[in-house]
Amino acid sequence: MGPPEKESKAILKARGLEEEQKSERKMTSPENDSKSIQKDQGPEQEQTSESTMGPPEKESKAILKARGLEEEQKSERKMTSPENDSKSIQKDQGPEQEQTSESTMGPPEKDSKAILKARGLEEEQKSESTMSPSENVSRAILKDSGSEEVEQASERKMTSPENDSKSIQKDQGPEQEQTSETLQSKEEDEVTEADKDNGGDLQDYKAHVIAKFDTSVDLHYDSPEMKLLSDAFKPYQKTFQPHTIILHGRPGVGKSALARSIVLGWAQGKLFQKMSFVIFFSVREIKWTEKSSLAQLIAKECPDSWDLVTKIMSQPERLLFVIDGLDDMDSVLQHDDMTLSRDWKDEQPIYILMYSLLRKALLPQSFLIITTRNTGLEKLKSMVVSPLYILVEGLSASRRSQLVLENISNESDRIQVFHSLIENHQLFDQCQAPSVCSLVCEALQLQKKLGKRCTLPCQTLTGLYATLVFHQLTLKRPSQSALSQEEQITLVGLCMMAAEGVWTMRSVFYDDDLKNYSLKESEILALFHMNILLQVGHNSEQCYVFSHLSLQDFFAALYYVLEGLEEWNQHFCFIENQRSIMEVKRTDDTRLLGMKRFLFGLMNKDILKTLEVLFEYPVIPTVEQKLQHWVSLIAQQVNGTSPMDTLDAFYCLFESQDEEFVGGALKRFQEVWLLINQKMDLKVSSYCLKHCQNLKAIRVDIRDLLSVDNTLELCPVVTVQETQCKPLLMEWWGNFCSVLGSLRNLKELDLGDSILSQRAMKILCLELRNQSCRIQKLTFKSAEVVSGLKHLWKLLFSNQNLKYLNLGNTPMKDDDMKLACEALKHPKCSVETLRLDSCELTIIGYEMISTLLISTTRLKCLSLAKNRVGVKSMISLGNALSSSMCLLQKLILDNCGLTPASCHLLVSALFSNQNLTHLCLSNNSLGTEGVQQLCQFLRNPECALQRLILNHCNIVDDAYGFLAMRLANNTKLTHLSLTMNPVGDGAMKLLCEALKEPTCYLQELELVDCQLTQNCCEDLACMITTTKHLKSLDLGNNALGDKGVITLCEGLKQSSSSLRRLGLGACKLTSNCCEALSLAISCNPHLNSLNLVKNDFSTSGMLKLCSAFQCPVSNLGIIGLWKQEYYARVRRQLEEVEFVKPHVVIDGDWYASDEDDRNWWKN
């Protein structure tokens, strides 16, 4: 059941520009476009799978590209017909894949990836009256020529474009190019005698298929996508042959229409002629819980011909199943007890038959074409064998814009609607489905008609749907705005059915479902002026679907609002079988994303007032506080919250367009991390951040977005001058920066890893120069901001609140350093901390820094980590450090390539320095000689050094003796870190003896990964009971073992132990030491921080520790443990500890807690 290691994914895409042939009233008539498309084989590529309203995972997919131009005809009456978009599809198939045997029960270990690329040059013939330039197409979209059955029923204003004439060249290496006629004749020649033997039965079946689908499908079978689909099952380089094609995409983009076209194409002799039989199953038309054999299912599709069924089963290698809407069966395909059927005569629940076909247990030699929504794609991966994935996308960007704008005559209104449309990329993406595009068009027209009377928000899909649905209800009775009792029953029943469908992953409903919710089709039709619920299916029993899945999500969300009506609860049984609304908060459940956002959108006060009018009762949704609480949980779990969770919450709040509701949800936010990928992310974040009035720190990761402005791509749709189509991206960025500068409690802004153009940096710095900006700490670590540094230097002396600047990993040329130092020396510059880690500093750069150190009295901390400091550079720095005018207190020279010679120069300079209190020399090979020179400095009575970091400095042998001597008689040094040095048990004994001296004032000792064993633990236990000053001891990643910790606990149990922080992470501990450790915790009132991560504790051992954590004597506040590493019983006990002692924090990231400026040299 596990997913394959590699999956073959082909994404058929075609994006076209469309022109509209208008009637004489519009006075336009474009010519037909001719296009040529080349298809060649290319390397494997990765494609991100689309998901509904949610971020996608990156998947390795083969990308099928084609570009085409589309034209549209409009009759004078604007009569509508199904849209026939010309599509071009490319199929990529990658080599070096192994084919799974046809009888294999599971997915192959390696799925081949096929890559067929099509690239076309496009030319647009413009009519004299249409002066817009052609769209710059940057990616490909597969556009279905037809729309799904739902779209055909709901699409009242979709126009039917003409088919473009296209010529396609296929380059397949040594293979010869063939025309469609040659390909077709070749396939016909390959039809075997067995096909001819089927005689009249086969012809009758094909006639039945044609009669069934010919009225609902209109497609040209020589179109590019059909030619490419006809080759989809062909072996690639004789190494891999797909047996399953998966057509996936957003709801409503035309997957079902494409599936029906495939079946019809076979019946008409245009497609898949090597297949003797093609059987079509519509999942929405099948009651999959009923029992049947596969033969009986096929017989329903082949009326009055059981002999034909037998013939079909005799040739499974020439049998193609087309299964439409497999995701409608998701709820039953996920059962753990799924069995497999291998006999086509055995009666099983129909979902078992479908599952067995997917797994190739049933008719393993047959072929499958499956349609599914993007949200169902991940679950499908573990079921299919030898798959080829094809992405189906809907209307192109230009087509969507044209459909929305075609009924807006006023030019200023067109521009306003156009801008609001492209601002909201999620709303615009939803319009890829023709049915949604039609609903949006109707909503916009209704809003225009209502004018000032329309108070509902129009920036969101919730606002548009609310406008459309609620006014469809109220417009029926101008004199009576409220719903009658019967109408209320109908509306609430519809909402309940929609919610039940969302939770159970059902989008198809039957007569029994309508009865369960007191619904009648006639009453639904009478309640709305629009087709909310549509009849679909060709069988005797009708089934129903919402005109689009997003409408089902809307009504499902409305259910949770209506359940708060106490008056209404007397008439209807709410929540009988429904899930709690708090389950909607799970962002990883893609089926809930749409309903969740609509639910937030319905919290808008104007929408709630409209509902009050409809029901004649105050609407005070009980769900409002629950939603605000869910958002506040993100604020409380900063370390465990991903930036995508925060952004998802922001989008939900933005959907409401209600400032009071948003402010209540965000009042607890103090830290935020945002990942900005889309333009709309900026607008949504700006809207929400201005309500985070208690925000203190924000991290923003924004890449690529501000380097290219794609807004103008859609401008040709609007018939205005190009200069009027002003790019809005920088305006949105300016608004975002303005919000950051206006938050009165915001102190830290981290733009690390971001990519900001010169213009973006200019806008940012101008906003941060505002007097209202209170930001003190500004970080650009690893950000690409070099082109805009000149704007940053002006900010340094324009904002006197700025105290900290981090430019780590920013290449600093000498000219940059000159401007930076001039700004830092400015009288109005208040910067106290400057980090220039990995800035590629030169000797000239060091000279300018040295001059800076004696020219400013404000700079207190300087980091030059990961810059090479040679002898000449050290001489310059030494001259500055020895000057009485240098007031620097903290110096970080981590990984600067220091040698004993350069260390000698540094120490000589420090002898004259009475201000330096913090020094970090980590990751420099100082050796014994360098440490000896440092100890001479520590011996100096005027040495003010308090914190010394010597991690990974290759300190060996006698060096520890020198350190021990200096520690024993130094009353100023309080913190020493020797992490990742080979201290060993012998040197540890020397250090312990020094720490026991009353003249040693060391408070913190870091000894992580120092090759210590259990043999030093007796010395450590004795030391911690003797010293009165040591408060923190980190022994992590040392093999102390159970015996060592048991010995150490003897010291912890003593009342004389004043240790407050102890690190025992990754010390090879087991449950054998838990008894002693629990006892030490229970009787030690001083210990408040303990790290136990990466040890091997059993459940019994952890339960002992949990009992000790709850002991009243224990004052532990920070416990380093990963809860998810343990069984449910242990997790519950750890949660009980946090409940009993609310101040206790149990988290595996123990080092994140930076008490007492412990990580000063890292920050």
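Keep in mind that glycine also has a Cβ here, set from the backbone N, Cα and C atoms.
Residues or ranges marked as compositional bias 'Basic and acidic residues' by Swiss-Prot: 1-42, 56-94, 108-127, 153-173. Among the features that Swiss-Prot reports, compositional bias 'Polar residues' is placed at 128-137. Residues annotated as repeat 'LRR 1' in Swiss-Prot: 801-822. As annotated by Swiss-Prot, repeat 'LRR 2' applies to 830-851. Taken from Swiss-Prot, the feature repeat 'LRR 5' applies to 915-935. The repeat 'LRR 7' annotation in Swiss-Prot covers 972-993. Per Swiss-Prot, repeat 'LRR 9' is recorded for 1029-1050.
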Which bits of the chain, at least 6 residues beyond where the repeat 'LRR 7' (972-993) starts or stops, bring a Cβ under 8 A of a Cβ in it?
922, 938, 943-956, 960-961, 963-964, 966, 1001-1013, 1015-1016, 1019-1020, 1022-1023, 1034, 1158
May I ask whether the repeat 'LRR 5' (915-935) has at least three C-beta pairs under 8 Å with the repeat 'LRR 2' (830-851), counting pairs 6 or more apart in sequence?
no
How do the residues of the repeat 'LRR 5' (915-935) split into helix, strand and coil according to DSSP?
9 helix, 3 strand, 9 coil
Could you break down the residues of the repeat 'LRR 7' (972-993) into DSSP helix, strand and coil, giving a count for each?
10 helix, 3 strand, 9 coil
In the repeat 'LRR 9' (1029-1050), how many residues does DSSP assign to helix, to strand and to coil?
10 helix, 4 strand, 8 coil
